[in-house]
Amino acid sequence: MHGTDSSSDTPGQPAPSRAELLSAHAEGSISEDTILKTARDRAVDIGVGAVTPAVGALLSMLAKLSGGKAVAEVGTGAGVSGLWLLSGMSDDGVLTTIDIEPEHLRVAKQAFTEAGIGPSRTRLISGRAQEVLTRLADDSYDLVFVDADPIDQPDYVVEGVRLLRSGGVIVVHRAALGDRAGDPAVRDAEVTAVREAARLIAEDERLTPALVPLGDGVLAAVRD
């Protein structure tokens, strides 16, 4: 109806913010195939989080831009992010993905198999990421994706940057914890760790970072 106040679509509810509208548009612009949707359903079944479609599309693009021959992932989950990363990697690229939960790795492996991804293109490692990462070679990865417990983000950033070759990209998911990291009044352990990870990236002169407001926040940085 002409002249209607559009500040709220639902009586008593605040109108969505510009950021919320942009995020909804970004998410709605991405369509996922049946394999990704099935992997996402399995993530719900086993109680593990998964990147949103828009974050997945960003990962695919960054994997392609970085060269995508060697990618490391901290936090396998149900394989949703792995599928997106592999979609942007080169045909002979190898995804090394780490998770402490064997069930996550099993479900992710099922998703990779259903997508027709050969076993030579994935390396699934069960263990604590802090320990596994120290065994990976310096300057050897095109992209490192961190999607694990926010408390440990600073450790993963330090190790992840070490792994990057020149021109490689580190990507940290849940970099804003929704809007919590940006609220000065919030100072719990998770937020403190996320802010420390962001500080480490911002103060590393080898890195050029950008914070992307998708999902729970994506902090990406390319290494000189």
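Heads up, the Cβ atoms here are built off N, Cα and C, so glycines get one too.
Database features (Swiss-Prot):
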BINDING   Val51, Glu73, Gly75, Thr76, Ser81, Asp99, Ile100, Asp149  S-adenosyl-L-methionine binding site
BINDING   Asp147  substrate binding site
COMPBIAS  1-11  compositional bias 'Polar residues'
REGION    1-20  region 'Disordered'
Binding residues Val51, Glu73, Gly75, Thr76, Ser81, Asp99, Ile100, Asp149 (S-adenosyl-L-methionine) - maximum C-alpha distance in whole Å: 18
Position of peak Cβ density within 10 Å, selected from the binding-site residues Val51, Ile100: Val51
Number of Cβ atoms other than its own within 10 Å, given for Ser81 (S-adenosyl-L-methionine binding site): 28
Of Glu73, Asp147, Asp149 (the binding-site residues), the residue whose Cβ has the fewest other Cβ atoms within 10 Å: Asp149
Long-range Cβ environment of Asp99 (S-adenosyl-L-methionine binding site), under 8 Å and at least 6 residues apart: Gly75, Thr76, Gly77, Leu105, Ala108, Leu124, Ile125, Ser126, Ala129
Whole-number Å value for how far the residue listed as 'substrate binding site' lies from Val51 (S-adenosyl-L-methionine binding site) (Cα to Cα): 9
Most crowded position, judged by CB atoms within 10 A, among Gly75, Thr76 as binding-site residues: Thr76
Nearest-integer angstrom distance between the alpha carbons (Cα) of Ile100 (S-adenosyl-L-methionine binding site) and Asp147 (substrate binding site): 13
Val51 (S-adenosyl-L-methionine binding site) in three-state DSSP notation: coil
Inter-residue Cα distance where the pair is Asp147 (substrate binding site) and Ser81 (S-adenosyl-L-methionine binding site), in Å: 9
Separation of alpha carbons, Asp147 (substrate binding site) and Glu73 (S-adenosyl-L-methionine binding site) (Å): 8
